[in-house]
Amino acid sequence: MASIARDIFKAYDIRGIVGKTLTDEAAYLIGKAIAAKAAEKGITRIALGRDGRLSGPELMEHIRRGFTDSGINVLNVGMVATPMLYFAAVNECGGSGVMITGSHNPPDYNGFKMMLGGDTLAGEAIQELLSIIEKDGFAAAGKQGSVTEKDISGEYLKHITGHIRLKRPMNIAIDAGNGVGGAFAGKLYKGLGNKVTELFCDVDGTFPNHHPDPSKPKNLQDLIAALKNGDAEIGLAFDGDADRLGVVTKDGNIIYPDRQLMLFAQDVLNRNPGAKVIFDVKSTRLLAPWIKEHGGKAIMEKTGHSFIKSAMKETGAPVAGEMSGHIFFKERWFGFDDGLYAGARLLEILSASDNPSEVLNNLPQSISTPELNIALPEGSNGHQVIDELAAKAEFEGATEIITIDGLRVEFPDGFGLMRASNTTPILVLRFEADTQEAIERIQNQFKAVIESNPNLIWPL
């Protein structure tokens, strides 16, 4: 029986520390396991790409060997943003592809995001890969698979610039946080006719300037400063593999993705009245009424890019988004999460206004916290911790308790959320309310619940 670290098999990707839990041997075995799943589905060709992390080339070589030793033909698209790998998978490989990326994890992490036959591997499908490895259930290869190399970037950029139409050229600033998006974002937005100020767009897997995670306000401070000190109208930021988008106004306001989705939903619903719009459990309580007001049907889903994608497939929703910054367009695009493309769609909408910051700042808003994190003790199961807390929790004045993903407690004047992260050993909390007094009241109720476990430290 092959041995592999079990804890790298997460809810919607595989992710671990390079050389410790995610070894070269693990990459090879994962390649063989994916090939076995592919063989079951009659898939013979898989697109393979990597982000800008230093461990990428070596992991790529080993997973590639796992594929070709199993008779799978590989389309190697090299260093790309995750959405570009998805683009190659959909257009060249029947929806099958593997992206080597650590997303926004620290530099010593890396991992794999996987699609087979148009379906994102998640949950049980990822556990099946582990089972194949542990039972040596690999497919018997006939002949060795081939490797074809292709630069997909030109086709990808052309596909976007071919259908996005700005009403006027804009002046924008972008911050790629030294992630792989920096290699392509400037070219894309200049190709749409904009003036672009580029921050940290050279790809550097050590992330020397700030972490490439636009969901954290501290990582947007350089972009905010560039907007205040320069002549750019709007700022766009990307995570390490550019499948997530951050947005900042001229006056330094961060427009979180749930508010971005208001604008995207309104735009899509103009052309698709009555359509469904999907959002995750972390999103503002102002989003569902906004979607309904603009003629759409609002659907709340559990957090995670693969869960959102499968919900889009099931419901036929043309647009979806989640609080971490993944925005998904099926209308005029392919349905996968794409920070670069979402940025282009945002500019298309904002270019109709002479004051884009005003358009963004006018979106409904209440008082809210960013994501708050509580570190879990080594070896503890976040979902189990949440279940234990929920079992003894009481929330006075709650109007609804939603349990699709952790515990989201609705009150007449706000909500509180606690859920287990699927990618890191933390609990994620978020609060929102109509007034500061209400948000503090809701937080205090959650604080009492959290502190009933002596191993958890309240983050505020």
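Yeah, the Cβs are placed from backbone N, Cα and C, and that goes for glycine too.
Database features, via Swiss-Prot:
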ACT_SITE  Ser103  active site, phosphoserine intermediate
BINDING   Ser103, His104, Lys113, Asp243, Arg244, Thr303, Glu322, Met323, Ser324  substrate binding site
BINDING   Ser103, Asp239, Asp241, Asp243  Mg(2+) binding site
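Only Asp239, Asp241, Asp243, from the binding-site residues Asp239, Asp241, Asp243, Glu322, Ser324, place their Cα within 10 Å of the Cα belonging to Ser103 (active site, phosphoserine intermediate). The Cβ of Glu322 (substrate binding site) has 26 neighbouring Cβ atoms from other residues within 10 Å, across all protein chains displayed. Each of the binding-site residues Lys113, Arg244 was scored by how many other Cβ atoms lie within 10 Å of its Cβ, and the smallest score goes to Lys113. The substrate site in the record is lined by Ser103, His104, Lys113, Asp243, Arg244, Thr303, Glu322, Met323, Ser324, and its two most distant CA atoms lie 19 Å apart.
The Cβ neighbour count for Asp239 (Mg(2+) binding site), using a 10 Å radius and every protein chain shown, is 30. Counting other Cβ atoms within 10 Å of each Cβ, the binding-site residues Asp241, Asp243 show the lowest value at Asp241.
For Ser103 (active site, phosphoserine intermediate), other Cβ atoms within 10 Å of its Cβ number 26.
If you check the binding-site residues Asp239, Asp241, Asp243 against Lys113 (substrate binding site), none has a Cα inside 10 Å of its Cα.
Neighbours of the Mg(2+) site: apart from Ser103, Asp239, Asp241, Asp243, residues of the same chain with C-beta atoms within 8 angstroms of the site's C-beta centroid are Asp51, Ala81, Thr82, Thr101, His104, Gly179, Pro212, Phe238, Gly240, Ala242, Arg244, Gly339. You'll find the Cα of Asp239 (Mg(2+) binding site) roughly 10 Å from the Cα of Ser324 (substrate binding site).
Using a 10 Å radius centred on the Cβ of Ser324 (substrate binding site) and all shown protein chains, the other Cβ atoms total 24.
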